[in-house]
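Taken from TrEMBL as is:
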{"type": "BINDING", "residues": "Arg102, Thr137, Arg138, Lys139, Arg161, Lys171, Glu201, Asp222, Ser248, Gly249, Gly250, Met269, Gly270, Met271", "note": "substrate binding site"}
{"type": "DOMAIN", "residues": "41-112", "note": "domain 'Quinolinate phosphoribosyl transferase N-terminal'"}
{"type": "DOMAIN", "residues": "114-284", "note": "domain 'Quinolinate phosphoribosyl transferase C-terminal'"}
{"type": "SIGNAL", "residues": "1-16", "note": "signal peptide"}
Amino acid sequence: MDAEGLALLLPPVTLAALVDSWLREDCPGLNYAALVSGAGPSQAALWAKSPGVLAGQPFFDAIFTQLNCQVSWFLPEGSKLVPVARVAEVRGPAHCLLLGERVALNTLARCSGIASAAAAAVEAARGAGWTGHVAGTRKTTPGFRLVEKYGLLVGGAASHRYDLGGLVMVKDNHVVAAGGVEKAVRAARQAADFALKVEVECSSLQEAVQAAEAGADLVLLDNFKPEELHPTATVLKAQFPSVAVEASGGITLDNLPQFCGPHIDVISMGMLTQAAPALDFSLKLFAKEVAPVPKIH
């Protein structure tokens, strides 16, 4: 899907509620700095000062829309950034521009960082000749999941399940609580009915076979080393060709190609949301017709 079209995935009511909570967190009471800036009409340039993938425009827009400001973009969502790049311009009352500045920059920087990491992971996988799905996980920042899952999509990765209701995932603790793999999968299968798929986390070939026999749609081979992963997936696929295989655990951008193989359908990476460095953006007010280019430190 085209990156610009991904904004349609964001529910307007949810987006507005998120923006409201972010702005309230940053300014829950008196804004003394507003008396310094005043309310006169102003303009500010958004600059990208580090390379990566631009992501998060709908959130940036929503923040400034709520503050009665207008954003004009010079680069489309999903663009590759080459610093220093003038990305957008924001116009509105000075105190409103500055009220939204940090919240908007934080959101854009984190979202773009995740999109950049996702794009790098997809590129590494395709470079290894693998055509499966690079995916994120549920290891996201509380209250910020919508932004982070959206960033994965802009970067070309799959978001994986959005929440607990998107897929019935049977993990090791579920197996212990249920009294075994077969009991856990049967209970999950009953709960899922026809509407949801069932995925089972497995730590051995034996568990994977039990899960597949009990009716799992997907098997997650968790924390397998590459030399263990591929033989296990090969045997499992030979017996259960319709069961999808996901690899996860300890996978980084550096070792990702080692986990790519013909019997692996999905590779999920928690580091895409947990460890992606934020990109560097700045928002600079300017009085002249041409905004000055900021320095990179």
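Each residue, glycine too, has its Cβ placed from N, Cα and C.
Unlike curated records, TrEMBL annotations are generated automatically.
Note that the structure is predicted; figures quoted are calculated from it, not measured.
Feature annotations (TrEMBL) mapped to structure.
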residue: Arg102; record: substrate binding site; CB count, 10 Å: 13
residue: Arg138; record: substrate binding site; CB count, 10 Å: 18
residue: Arg161; record: substrate binding site; CB count, 10 Å: 19
residue: Glu201; record: substrate binding site; CB count, 10 Å: 25
residue: Ser248; record: substrate binding site; CB count, 10 Å: 20
residue: Gly250; record: substrate binding site; CB count, 10 Å: 14
residue: Gly270; record: substrate binding site; CB count, 10 Å: 16
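This prediction places the mean pLDDT of the domain 'Quinolinate phosphoribosyl transferase N-terminal' (41-112) at 98. Put simply, the two farthest-apart Cα atoms among Arg102, Thr137, Arg138, Lys139, Arg161, Lys171, Glu201, Asp222, Ser248, Gly249, Gly250, Met269, Gly270, Met271, the recorded binders of substrate, are 40 Å from each other. Here the domain 'Quinolinate phosphoribosyl transferase N-terminal' (41-112) has, by DSSP, the following mix of helix, strand and coil residues: 29 helix, 25 strand, 18 coil.
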